[in-house]
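Novice: Quick one: structure below, then a few questions.
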Amino acid sequence: MKDDGTASEQPPALSPMSGFSSDASSFLYGGANENGASGGTMRARGNSALPSQDEVSESPDAAFRDFRTPAHEMPPFGGLGVGVNAATPQLQTRASKRNMMFILLAIMVGGIVGMLLKHYEINTTAAKWIMTPGNLFVRAVQCVVVPMVFVNLVVATADIMYKGLGKSLSIRVVIILLLSIFAAIVQGILTGVVTHSLFREYSDQETTSSTDVIFGIQCGNGKFLEANDDGAVTCSATSISGNSQFALDDVNDALVRNEALTGTNSSLSDNVIAVIDTFVPSNLMASFIDNTLLSIVAFALPLGVTLASSFHGPVHLNPLLEFFREVNETLVHMAHWILGFTPFAVLSLLAGSLATSLEDSVAEHPVILVLQLVATVGVSVLVHMLVVLPVFFVLFTRRNPFRFMRQMLPAYVYSLGCSSSMATMPMSLECIETSREVPSSVMHFVLSVGTALHMPGVAIYLAVLLHFMADVAGVTGEESTTTMLVTFLGVFLCTLSAPPIPAGAFAVLAMAWNIVFPAYAIPDSVYALTLAADVFLDRFVTLCNVNAQAMLCRVLADQVNETHHQHATATQR
């Protein structure tokens, strides 16, 4: 107010998320400012016309939306956004259910089409063409989500540092994340021990305990080279037997070894160092190219802290942070538009993956063995989702976990279709935003870190499959105390380094095997059997990961609210 009682011209109110004025935001995004030029509320004399840091961060809209929607356009997915132009919660829930039903329909149709194509025994080339639209969809999502995780984490880390929650939230993230992964590893090991007798009956007793190459040499007369008792070597053996088998010692390293199918004799120390090296990337661009989220997260965290600590003005005037916010908004919009093609991608991926003949992949083992493996991992994952995590949830929050899980159903269904927790991240963000139970900064920070590191589904997968492959391959001693401890450490390291992409758990399975059983090769038949089962296992693993990451967000939101309340009470005193 002026002294004569007339209202003075107020500067434009700043956007609660980006810090830009509402006028500028409306101009840039094609909308109109309904409140005229000022767009802000009148303040008493002596108060700053600019919103305080708390007002910027704690706006009801800002707490659940990190990007603006143009005023003249409908938000992605028909009104699922939360913000000034957002639809009501009832419309959001209705739209989420509609999308979930479309994805469920695509899963059913894709399964039926895949079974029909398998029945008619289409060739591998045709199956690849069927999967091409789905593969292009996954590639597009990964192209957007990887930089989005980086920018999301930078912005969320800076916001958390401005609120003074960096230390408390970081400690809680580490503690709860480790508890969840450790519980998953123990559960997976126990599952492998319990099913030991089930899979041992399929054991291949002829499995070699060495990575040496064993072969026979056939001569021109059709017989095989054989070592006689007098030391002479003759072409006299009619078949390959003990005397006609030879071991190859590649002293000059002239042969190329396929590390995915054989043991590498690498030490545990070498694998630990390799994982540690991932935390400090030597080339950030190479990490983006390789989709190494662990390296990207390791760079984004200190960058966010530096953005917050190096700028001494108000948070809404930090130009570099505002640049990251705008990039984040653009990437989120792109991700949401790409997700509109989800049902078509799910149908393509599922039909193509089921079209290949399972019997050809597991020719040396009965198909029932694959079904038993899928059932074992599936039951273990469901126990972790419906029993283990809800117990942790109740202990930390004293709330009903299934109420929150019900709101995550669209993300669960989507994860079953795409088999990638990284590709599911935009959908998870959308579901958590709709729940209105997790502040935006906490949600983006925890979900970005969790997508890269919090994968209990992978831990269960690796622990169970290591026991399974050892049982079927005839490897002995996997139930000793020493082997159990090495299994625990190996699964933990491989879980941290697993990429959150389709078949990401399978990609680190050979690494885990080489840590636990470095002197044994993975038989080709067992490797092919596991690869065939991974079509189904990967979906269970992704579902478990997405659920665990969402539950971690909700638990930490409750912890942060409690810490913030205690801090505010202490400040008032």
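Each residue's number is its place along the chain shown, starting with 1.
Including glycine, each Cβ sits where the backbone N, Cα and C put it.
Got these off TrEMBL a minute ago, pasting:
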- 1-20: region 'Disordered' (REGION)
- 31-60: region 'Disordered' (REGION)
- 100-117: transmembrane segment (TRANSMEM)
- 137-157: transmembrane segment (TRANSMEM)
- 169-190: transmembrane segment (TRANSMEM)
- 293-313: transmembrane segment (TRANSMEM)
- 334-355: transmembrane segment (TRANSMEM)
- 367-396: transmembrane segment (TRANSMEM)
- 408-425: transmembrane segment (TRANSMEM)
- 445-468: transmembrane segment (TRANSMEM)
Novice: State the non-local partners of the transmembrane segment (293-313) in its own chain: residues 6+ outside its ends, Cβ under 8 Å from one of its Cβ atoms.
Specialist: 146, 149-150, 153-162, 166, 278-281, 284, 287, 320-321, 324, 422, 448-449, 451-453, 496-497, 499-500
Novice: Against the transmembrane segment (445-468), which of these stretches has the most C-beta pairs under 8 Å: 100-117, 137-157, 334-355, 367-396, 408-425?
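Specialist: Answer is 367-396, with the largest number of Cβ pairs below 8 Å.
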Novice: Mind checking which residues reach the transmembrane segment (169-190)? Cβ under 8 Å, same chain, six or more beyond either end.
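Specialist: Tertiary neighbours of the transmembrane segment (169-190) are 160, 380, 383-384, 388-389, 392, 396, 442, 445-446, 449-450, 453-457, 459-464, 467, 484, 487-488, 491-492, 495, 548, 552, 555-556, 559-560.
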Novice: If we call contact 3 or more Cβ pairs under 8 Å (sequence gap 6 or more), are the transmembrane segment (334-355) and the transmembrane segment (137-157) touching?
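Specialist: When sequence-distant Cβ pairs are counted, the transmembrane segment (137-157) touches the transmembrane segment (334-355), since at least 3 lie under 8 Å.
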